[in-house]
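A.B. asks: So TrEMBL lists these for the protein:
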TRANSMEM  39-59  transmembrane segment
TRANSMEM  94-112  transmembrane segment
TRANSMEM  133-153  transmembrane segment
TRANSMEM  159-179  transmembrane segment
TRANSMEM  226-246  transmembrane segment
TRANSMEM  252-270  transmembrane segment
TRANSMEM  277-293  transmembrane segment
TRANSMEM  315-335  transmembrane segment
TRANSMEM  347-369  transmembrane segment
TRANSMEM  381-400  transmembrane segment
Amino acid sequence: MLKIAYHSYLTGRVAKLLNYSYVELHTSRGIETKEHKSFMRLTVLAADILIYMPAIIAISVCMDLTFEKNLKHHLLVLLAIYPGQILIDNGHFQYNNISLGFLALAVAALLCNRNNIAALTFTLALNYKQMELYHALPFFAYLLSVCFSQNSLRLFVTKLLMIATTVLATFFILWYPWLSSIDATAQVLYRLFPLGRGVFEDKVANFWCSINVIYKLKKHIVNHEMALICIGTTLLAVLPTNVQLFCRRSKYTFILTLFNTAAAFFLFSFQVHEKSILLILLPSICLFAWWPNEMLWFLKMSVFSMTPLLKKDNLVVPTLALMIIFQLIFMCSYFETNQNIMIRKNWIGLIIKISEILMISILFASLIIEPPARYPDIWPLIISIISCAHIFMFLVWGYVQQFT
């Protein structure tokens, strides 16, 4: 969140050089000229070029070096053309590419045993968007396990101090402008954790939104109590996978724990947004090296879960177009060299086909059939519940893979 402030300041300085009216005090509020929109869109592409693309190249190469799967080109293609990230950043207009880019660099560094660099880049990701808390526990468990694996107390203390100093120094530098005032620090924390906004907004594919159909949470439970319930439920869902990572550390287990933890946070944490599904993107694509059928299915489902948000932004046509392009490019690039890997077990293939037919049918029904006046949000709710069921199933699947 704090790095967004630095990023906004830098973008503002560039805007001032190009056209002062873009940032002029008071009069620039609500500006929507064609030139200004083009400039803002270009800032997203600049972040793609400067941070996201180098980061996904790095993680694709490091995945290959670490696991020898010979899939770096396919992982890179998946990360580069995944429709969800493209649509949210360039259509809904956000900078998820920056936090995801730093996350990718952190995972790449960890895979290549550059633990201090991993700590630094993940801290940058966390300070850019607080939603990177979804990934914090796996990094903590893995790096702490690395410290405990040292051969002597001196090496343990040295390793722990190096990583801790990297994290704390990065936090201090980024937070320094706000540390001079308790009020300023409190305002930042309030912005980071807006408890007053409720457990969810709109219709999101998580557990709380789904059970809200039966039991109206906002009517019966006040926000601070709901926040405590969310914290407790989330911890119950994520602690087993992270404890197992700490006790039996491996790089494969780390990626699987990233996936499981992010999925659990999405399902059970407080104030989840539709676009938070992007936080499961990176570990799911990394797991593609072992589970191509399941992870390709997950990527398609993740875009489906965001369609109510994308529809609000008039992005239905771009969504359909990008999904078709994604499927065609992926199939062409992957099947050339890996046809034998993509052979599906009959029961897995059947489940995936039924799921995809269901999602396509619901999507087109929501576009064609008007909802009844009494239930104007029926289609977003149906999409959210179906997506929630899928994510919960993937969380169970992830736990089975990790503990068997």
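Quick reminder: no glycine exception, Cβ is built from N, Cα and C everywhere.
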A.B. asks: What residues in the same chain, six or more past the boundaries of the transmembrane segment (381-400), come closer than 8 Å to it by Cβ-Cβ distance?
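C.D. replies: Residues 203-207, 209-210, 213, 237, 240-241, 256, 259-260, 263-264, 266-267, 277, 280, 294, 298, 301, 304-305, 307-308, 355, 358-359, 362-363, 366, 375 contact the transmembrane segment (381-400) from elsewhere in the chain.
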A.B. asks: Would you kindly list the residues that approach the transmembrane segment (39-59) from elsewhere in its chain, counting only those six or more residues past its ends and only Cβ-Cβ distances under 8 Å?
C.D. replies: 11, 14-15, 18-19, 22, 75-76, 79-80, 89-90, 93-95, 97-98, 100-105, 107-108, 111, 282, 286
A.B. asks: Within the same chain, where does the transmembrane segment (252-270) have neighbours whose Cβ lies under 8 angstroms from its own Cβ atoms, ignoring anything closer than 6 residues to its ends? I mean 6 or more beyond.
C.D. replies: 67, 107, 110, 133-135, 137-138, 141-142, 195, 199, 205-208, 226-227, 230-231, 233-234, 237-238, 241-242, 244-245, 276-277, 279-280, 282-284, 286-287, 290, 388, 391-392, 394-395, 398-399, 401-402
A.B. asks: Would you mind listing the long-range same-chain contacts of the transmembrane segment (315-335), meaning Cβ under 8 Å and 6+ residues beyond its ends?
C.D. replies: 73-74, 77-78, 81-83, 86-87, 91-92, 292, 296, 300, 303, 307, 342, 367
A.B. asks: Where else in the chain does the transmembrane segment (226-246) make close Cβ contacts, counting only residues six or more beyond its ends and a cut-off under 8 Å?
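C.D. replies: Distant contacts of the transmembrane segment (226-246): 137-138, 140-142, 144-145, 195, 198-199, 207-208, 217, 253-254, 256-257, 260-261, 264-265, 267-270, 395, 398-399, 402-403.
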